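Marked as domain 'UDP-N-acetylglucosamine 2-epimerase' by TrEMBL: 53-390. The N-acyl-D-mannosamine binding site annotation in TrEMBL covers 492, 504, 532, 581, 584, 603. The active site annotation in TrEMBL covers 532. The annotation Zn(2+) binding site is assigned in TrEMBL to 584, 594, 596, 601.
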């Protein structure tokens, strides 16, 4: 460290000798508005504090000198800076032409000033049209330019102006690593780029502990508490003035509805600013008891106001840059700051047709406290900048060098991203296993947990809660926002109350059970419960073949036979929640006995249990195994063995499967004649074995008017979990943004 300090001193000494031992660097700082002064003032104080190295000339122009914007040149005088020149450069007007004329007026007036001052270097900040006039004048007059905050990406015309100034500037002070890489990618010489951080952070990071209650009381009223008010600062977007004014109207409507004390600052001098002021007055903001509308707040006081606010809203760069130093929640509106690097405290609302999305963003953000962000600085920018200025060799030619490095991508938080990452906890309560999964809005199973289903009610509920808590914790790590819990279970369910009225014989001790209340109380999330057949239909409606289909039926062919009916896009539950018990449609008066106690049900013929029963009969009669099959002595006969035997040519097994397929097909024909769907979806492990048999029965037995129905096999890998997730995702996202 000592070595590099000595090396730096030696370099500065050599530079002083090259520039002439008695020559001080004459620096002209030109400031155009309240915003750029907050960035330039710390540098100006640093320059003023080292008179042995620098001479400072201050030029003031732009909105600093306009009464409508608070005559903010006075704060420069209050900071004890001598203003060398005041230039009135703003042409009054409300359209883009006024900005162009203002740039032209500045270009006319600046050459005379620069000729008199003859600065060695001019410091220009940011991306305002006034700054473009400054940089153009200095570049054409062969005055070196130091550009502050180049390389950043935001939105609208500001990007174009900022990058134009970058091409005119000879030296660059940037705030972030990405901005540095952008400058390099724009062909700027790496040796003339300083990654210093934002100068305003030098003041920000030491400001929060100062007295602030008197400032809050002065601007918002004595009854206002910290974290219980909003600061709003919104400017017109010059590339789409009408839309930005509409966005401002919606913002004010949302703030009125949100009903919190709000400090509203007047917009910058830009095309459209007068119209925004008219919108404020039309809505009575200046006289509304919840609002305080002001033209200007001194920067030191503004820092305290945003540091202790419940939220800042608008499209000012201050919101996405400086406010991060305090962890204050920010809602960034529109496209004006699109692309800027932001901390996790910033939530973007890119577009809004109504106040609802902005209001929803306020509800998400207000009152939160985020970690303080140092993306834009660490509080040591000014010493770095002064050191950089001292290292400038005035005898070096101004010609730039060029290079083309890659640009690092930038990722920021966005409300549309939040909507995309909305997810559900899905629970599948099976006869054997209990499964819990995190399911995304797109139907992706992000994480899945499986445990054996306990036998008793108490143990079963405790395990559900444990697995859901574990999954909810993991959801944070995988960036999923859990909206609720959906539960798929066998048996008859009252979905309105979240109660399992009575379950199947596969799940004992599971009757008149309230699943919703204990799980909702434990997780503090809404809970939905429905029958597994209905859930399969919901899964098809949201993610599968049923998407966009008005009327369809789903049949589950697994251990049992179940299903769900969707009519006019809605699931049918029936008067006693017994609709779509499709497995218990009777297809034979003297058929085999079903688990429900009846005879001849589809489930008694075509379910996995029924096939297993027939396989055991064949095996007991030594009629199951054929050449190519073998079974271990302790192996349990299953439906899979029956299917394997049929594939190997066992006629007895083929006959059983044919009968099962016919029974299922007859059941489907009854369904077609009853509800007349346009699509039948076969789901479950046996679906592929039955689909052709079902189609054959329809062709033979169905009325001509329903024979054209499509019969397909589900392509969903896990309809039970996806259906449980659909319970949550369908209900919680029906709000329109």
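Heads up, the Cβ atoms here are built off N, Cα and C, so glycines get one too.
Sequence-distant neighbours of residue 584 (N-acyl-D-mannosamine binding site) (same chain, 6+ apart, CB under 8 A from its CB) are 594, 596, 598, 601, 602, 603. For the binding-site residues given as 594, 596, 601, the lowest number of other CB atoms within 10 Å of the residue's CB is seen at 596. For the binding-site residues shown (532, 581, 603), fewest C-beta neighbours within 10 angstroms: 581. Remark: residue 492 (N-acyl-D-mannosamine binding site) has 500, 501, 502, 503, 531, 576, 577, 578 as non-local neighbours, by Cβ distance under 8 Å and separation of at least 6 in sequence.
The record gives 584, 594, 596, 601 for Zn(2+). Within 8 Å of the mean position of their Cβ atoms, the other Cβ atoms in that chain belong to 583, 586, 595, 597, 598, 602, 603, 604. For the domain 'UDP-N-acetylglucosamine 2-epimerase' (53-390), the model gives a mean pLDDT of 90.
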